[in-house]
Structures are given as C-alpha cells and as structure tokens.
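Participant: Here you go, one structure.
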Amino acid sequence: MSKILVIAEHLDGKLNSSTARAVSAAAAVKPEAIDVLVLADNVDAIAADAAKIDGVSRVLTVARAENAHPLAAVLAPQIAKAADGYSHVFVPSTTFGKDVAPRAAALLGVAQLSDVMSVEGTHTFKRPIYAGNAIVTVEAEPSHVVVATIRTASWPAAASGANNAPIEALTLDVTLPSHTRFVELKQGASDRPDLQSASKVVSGGRGVGSKENFDIIFKFADKIGAAVGASRAAVDAGYVPSDLQVGQTGKIIAPELYMAIGISGAIQHLTGIKDAGTIVAINKDGEAPIFEVADFGLVGDLFKILPELEAALG
Amino acid sequence: MKILVGYKRVVDYNVRIQVKPDGTGVVTDGVKLSANPFDDIALEEALRLREKGVAEEVIVVGIGPADLTAHLRNGLAMGANRAIHVVTAEAMQPLTAARTFQKLIEKEQPGLVILGKQAIDDDANQTGQMLAALWDRPQATFASKVEIADGKATVTREVDAGLETIEVELPAVITSDLRLNEPRFIKLPDIMKAKSKPIDVIEFASLGIDSGDHLKTTHYAAPPKRSKGVMVKDAAELVAALKQKGLL
C-alpha cells in the first residue's frame, strides 16, 4: 500500500493553498495514509491549518530556527530523512517545490517527476512537456520512492474544515548546512493581481504600438480587476518589462479569463495560455492565429474597442 | 575562477510541437534546433562575470550526440573559452545530467556552475538543484540578479511570493530565470574565432555513471485541442457573452 508524505508550503506563518492541492493529488493515489510535513520555525498555526485538510492522516512538524525561510539546501536533507518509509513524496509545483523537490530527490538517489497533472495509478502519472504541447505518461518503478511535484493548476484544493488530524513533532537527526543564508523577501508591492495566479489576465501585444499606448491595457485591466501580461513581441519592443511576458519562455498561466489584445498569437505565446478557461482575442487582423484558439474573437481597432468595452461595463 | 555553463540543444521555441501518431515521441526530425533559451541566459551571465573580472574562464558543457558540435560552436562564438562535449546518443534525464556535471566538476573544480532553470523540451526544472545536492553545495535557483564578492554570491530569485534574495558561499550552482539578462547576439567574426577554440570530447560511457532511469516515459499524446470559438461583432456583444459566463 502507498504512504504519501506531502511537504507543506507556507509563508508568514500561513499554510499556502498549494499544499491542499498536493493533498488532492495524493488522495488520487488512494493511499493508506497521507501525512503532511511542516518544516518551519513556528509550526503551530501552519500545522493546525494542515490538520484540517480532508484526507490528511497525520501532520508531522519539525520546528527549527533554521527552517524560518524556505531554503532548499536546509529543507531538502530533512525531507530526505523524513521520507523514510513512504512510497511517495509530493510537493506543490510552485517555485518553493521546484526548488526543494529535486534537491531532496537527488539526496535520495532517485529521479523526480515534475508537474504531475493526473494520477493514472499508484506509479503511473501524466505530466506536460514542451510547455504543455505534449502530455506524457510516465511510469515509476515501485522499488523507488516517487518524488513528484504537483502541478497546482491541475488539482483543486482538498476541502478543509471537517478533519482534525493528529499533529506530531518529529525529531530528525540531520546536520544542516550553513552555506546558504536568507537575506530578504520583497513581496510584490503592486495593487494589481499577480500575473501567475490571477483569475483574469489582460495582455497586450505588438499591436499596442508603444510603451505609452500600453496604458490603455493597464487601464482596462484595472477596470475589470485583472493582472496585466504581454506577448514576447511587446516585451522585445520595450513596451513593458519582461516579468509580464506570457508564453513558453515567460509565464505559463491558466486564468479563468484571458484577453489577448493586439496579440497575433505566435506559437510561443499560445503555449503559455492554452490552459486558460476562456480566451478572448481582439485584433485588427482577422487572419491572426490567436483567433484559432479564442473562445470569443473580435476583429477591430483595439484603441476603439477597449473604450467601448469600458463603456459597456458601466 | 572557472564557470561551467550547461548548454543544452532543444527544439526551437518557435516550432509547433507535433506528437508522433504512434505516441512514441515528438517529431524532431527536420525540426529547427536551438540553444535552450535559459541556457543562453546562463552563458551570457557567465560571460558578463568574466568581463567584470570575477571569472577567468567560461566553459560550456553539452551532453548529446556527435552532431552537437555545431551547437557548442555557437556557445563558443558567443564567447565561451572552451567547450566540453559529453557524447551520448541517449536522451538524458535530469538526475543523470546532474551526475554527469558532478563528474566534470571533479575534474574542472569550477567556482560556479550556471545552468538554465529549465529546458524548454522536458520542462523538468531539476538538474541544477540535483547537481547542488550531489555536490553538497548551495543552490540559487530562478536567479534574476547575481552579484559575486568575497567568495559569496548574492542572488535575487524570482519566487511566487516576489523577489527573494539569498547569499550563498562559493562554489555554488545558480540557475537562470528569464529576467537575469538579455543574451548578446553572435557576430560573424566571433563565429570565425570560435572555430579555433577547443572542444573536449568525453564519451558518456567512460564516466561510469549509473543512469538510474527508473522513470519511464511510456506514451506521448497531444494535449486536448481547444475548439475554435465564435466571432462577436462588437464590444457590447463581447461584454454580454462574458457576463453570461460570469467572467465579468
């Protein structure tokens, strides 16, 4: 039978919802037990949150001052040690999980699965490659522990509230390195939603024409409470900084609503938005490839249409 | 200080990926191949560190078939001092790639290894982290800014919560994110110069690495297709449609 260890992600003493998503994936394996491991300096509030998640059997905590910040070099040896006796170790595929899981896997001497999007069996999984342009089925040998990151966009957060799993403190005999030190975390100061996790995204492309013109995209995004993105062409042209780039080499996003404004729809852009719920395209060229994937297309001048949309929204 | 840079060849980011009808892989024959974009950024960062006088030598490392030479020449034309070509016809999983780098590190003793945060073919995002673990050295992944001084690297990392800065003792592994820099273009005279730069060729089999591939990819499939939607005639119709779906 399978026993799964889920590594909790947390920030500022709060459990991140990515943890409950990883628990969902763990439940899909139909294991005998799902334990959540909380590595932190102050574990209590985080552990209490984790104990409420449906399907969690136990919450294991390691409270150490060194665990105050999520440094992979510090956490990975503890995860590798705690993994003893488990058939699977699941970590959310966030920057936290992507940083720490491969390091833990290498310490365990095992390969790692990235971005598990579906569970087909205890040791059979599906994951995207080529930015989601192909989906592969991967089989893991049951003789090795399966270390996997869980693609959060593919899994709903497991429900929370009805459970009251026991919380147990764990003592791990591990020497931790001091070669890596946390300096600071600057959290996004913008009032706009974060591009990676926003439910609505409005992106502008080369058709916007200039840095100054991009204000029309920001203004419309603010009107509907959306994050702002951009195509590579717009970034390369210097209209916006590259952290707004959506696409294969930028951010791969899956908002409920994606509005592509003045974006022709190069392949590298389309691969970044293929998991969006609803795609809207506004472009003056009716032949633009973006219309091939758009749920709603509108051909016309974006400088005329955006004010009209704002007016229609009231 | 020496800097080792991972320089992987992948299907160009502008190619529309096609899954073979029998599900055994993706079509790579006759498809344009290029340097992994994140590896170009990794190489650019190494070159800038050399130009600042932080490093003396930049070595690009490629793992792949015999015809990888032309690709490595591009890395040399960009400015690397020399290249190491680990020859194998087999596709490489990240753990095996990390073990390969570990072997090269034993020989080269670099002060820094810079890899792309992920390759845009398998999207694994693992090799740098695994290498740092095997090497028992620090890792600074998803780097958007790197400063080296006094035997330490101060690295700003692009994390979901914002920008995290960490300090790591050297030697260390850094993986590059998109915002780290903009890679330079290769100029014609550099291509000529690159022809005389050395490429060390090492047979993968001679390294004695346990491939440890206990993950087997058994099937490739195309993702579910998005069906073509509807064209609306004006802004009012669009707003109505989005409101009906509860999106506005």
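A Cβ is built for glycine as well, from the same backbone N, Cα and C atoms used for every other residue.
Source: prediction; values computed, not measured.
In case it's useful when we look at the structure, here is the feature table from TrEMBL:
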- A:ARG206, A:231-232, A:245-249, A:262-269, A:ASN283: FAD binding site (BINDING)
- A:4-186: domain 'Electron transfer flavoprotein alpha/beta-subunit N-terminal' (DOMAIN)
Participant: Can you list which of the binding-site residues A:ARG206, A:GLN245, A:GLN248, A:ALA266 come closer than 8 Å to chain B, going by CB to CB distance?
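Facilitator: Sorted by position along the sequence, the hits are A:GLN245, A:GLN248, A:ALA266.
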Participant: By the DSSP assignment reduced to helix, strand and coil, which category contains A:ILE263 (FAD binding site)?
Facilitator: coil
Participant: Same chain only, sequence gap of 6 or more: which residues have a CB within under 8 Å of the CB of A:HIS269 (FAD binding site)?
Facilitator: A:GLY205, A:SER231, A:ARG232, A:VAL246, A:GLY247, A:GLN248, A:ALA260, A:ILE263, A:ILE290
Participant: With every protein chain in view, how many other Cβ atoms are within 10 Å of the Cβ of A:ARG206 (FAD binding site)?
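Facilitator: Result for A:ARG206 (FAD binding site): 18 neighbouring Cβ atoms inside 10 Å.
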Participant: Among the binding-site residues A:ILE263, A:ALA266, which residue has its Cβ surrounded by the fewest other Cβ atoms within 10 Å?
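Facilitator: Counting other Cβ atoms within 10 Å of each of the binding-site residues A:ILE263, A:ALA266 gives the minimum at A:ALA266.
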Participant: Cβ distance under 8 Å to A:GLN245 (FAD binding site), same chain, sequence separation 6 or more: which residues?
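Facilitator: Residues satisfying the criterion: A:GLY229, A:ALA230, A:SER231, A:ARG232, A:VAL235, A:LYS251.
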Participant: A:GLN248 (FAD binding site) has how many other Cβ neighbours within 10 Å of its own Cβ?
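Facilitator: The Cβ of A:GLN248 (FAD binding site) has 25 Cβ neighbours within 10 Å.
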Participant: With H, G and I counted as helix, E and B as strand and the rest as coil, say where DSSP puts A:GLN245 (FAD binding site).
Facilitator: strand
